[in-house]
Amino acid sequence: ENISAFSLNVTDCTQVIVPEEVFFTVAAAGILENLLVLIAVVRNKNLHLPMYFFICSLAVSDMLGSLYKTLENIFIILCKMGYLTRRGDFEKKLDDAMDSMFILSLLGSIFSLLAIAADRYITIFYALRYHNIMTLRRALVILAIIWTFCAGSSIAIALFSYEAATVIPFTILFPLMMFFILCLYIHMFLLARSHAKKIAALPTSTVHQRTNMKGAITLTIFLGVFLCCWAPFVLHILLARFCPHNPYCACYMSIFHVNGTLIMCNAIIDPMIFAFRSPELRSTFKKMFCSAR
């Protein structure tokens, strides 16, 4: 907020404010949608597969992102009403906790997407050995390692967020992981195209290949949505840290609320992609709603 107030003095850009009702509506919708995904996977034993476990990990990350923005908005409202001070010890700890939740959501999303990408890669190019390579137990171990690392990193980054040595590696991690996933995609599609030409004469293999490529396309959609929703906010963090006094940077930071809303929109869009691209999930959702009626 200090940066936002300063930006009004160095730029003519008007700060864009998103109504609080919009914040809470979008956040609630994101939390409920991802909760439905988690319940669907738990209830349907046919979905107890590594791929869906990784999707559940992404759903948890989306829920944390929506929950973070909800708590932050409540915190700001309480400050404006005078129930909380901005510089108290309790408020400082609460702010660190929310920052940690934000970082946990971001890192969880990145590594969940990376795990899904690796799973799709193995499915396409090691189809016959997939169930030996990616067992359910191994998938759970991978998720345990991911979330342990993300939790430890989020706490460390939140506690030392004012140190440049902490901010720089965190901001570098985002484009680095995205570049790695992008390279994996390019390699995946190039090899898949080559394999498709070789097995064009085999009907069963072609059907299997199309199924696997559908999963790769779904993952590509996930990545595109993630970049569109998270990149503006990460850019805001970079500008706030390295050029807060520049008028152009300040002008961009005036849309802080819009960037925050995009994060919560990601939590709404991802479950829609799950439901649209997965017939098994659609069937589970229908059974859940029918039983509820």
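Just so you know, glycine gets a Cβ as well, placed from its N, Cα and C.
Feature annotations, reproduced from TrEMBL:
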TRANSMEM  22-42  transmembrane segment
DOMAIN    33-274  domain 'G-protein coupled receptors family 1 profile'
TRANSMEM  49-68  transmembrane segment
TRANSMEM  102-128  transmembrane segment
TRANSMEM  140-162  transmembrane segment
TRANSMEM  168-192  transmembrane segment
TRANSMEM  213-235  transmembrane segment
TRANSMEM  255-276  transmembrane segment
(request) Find the member of 22-42, 102-128, 140-162 that has more C-beta pairs under 8 Å to the transmembrane segment (255-276) than any other listed stretch. (result) 22-42
(message) Cβ under 8 Å, sequence separation of at least 6 from the ends of the transmembrane segment (140-162): give me the contacting residues as numbers and ranges.
(response) 53-54, 57, 96-97, 99-101, 103-104, 107-108, 111-112, 115, 170
